[in-house]
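Some notes on the structure that comes next.
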Amino acid sequence: MEETVFDVPRVVAGMTPACRDAALAFYRPLVPHLYPVDDVRVAELSKIVENGLRYLNIAFAEALFGYCLEQGLDWTQLHGAVNTKPNVELLSVDFGIGGECLPKDVGFLQEAMQSPLLAAAIAADEAHRERLRRLARPHRRILLKGLTFKPGYPDTRFSRALELAQALAADGKEVYVYDPDLGPGRVAELGFRWGEPDGAYDLVYERPLAIRTTGEDEECGQDTRDGQ
């Protein structure tokens, strides 16, 4: 059965106990899983912390991805090996931590906490995005498989993939995009050439993130030797 917004547990608070109880009475017929808390600040902070924790987990994965690149290790195999443990989830890596919520909420949290841990995660994401741009320096024809802020959503707002494509174009690269969520028309409106996934390119950014080149090197994420 497909999950809907009503299946997501809700944290409920109120300015007074009576307000909280009224909110619980309103939501109870709609949402089966409610978690009441006594302080509105706890309820508000809980969502920010959820996104902060996810940001930290993604930044950790991005740092590992970079380490794999440096050491010539296969990120995809490492990701699969780590996730054989039932109590562990090493997240997938994308073009950076984008979207509207996670960067904004981590900014709020860092402003309040001044946490070295959050600062390191923000720096790790910035380094990851710069690393992806730097990898393209020796190459000319580049394909990005995906331009939306995440797969399955035809929305390029707050998209790190779009930022990378724009940066590569500014660097003088021939940037091609293959994204079925957008289609050739929308890709052209954004200023890029439509690229066929089996075309000839010097560098390909896959999604989930892996790097493929036409050289004899092996990049992190998959074998980069051209099989054409």
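The backbone N, Cα and C atoms fix where each Cβ goes, glycine too.
Taken from TrEMBL, the feature domain 'UDP-glucose/GDP-mannose dehydrogenase C-terminal' applies to 143-227.
The helix, strand and coil residue counts that DSSP assigns across the domain 'UDP-glucose/GDP-mannose dehydrogenase C-terminal' (143-227) are 18 helix, 18 strand, 49 coil. Mean pLDDT of the predicted structure over the domain 'UDP-glucose/GDP-mannose dehydrogenase C-terminal' (143-227): 88.
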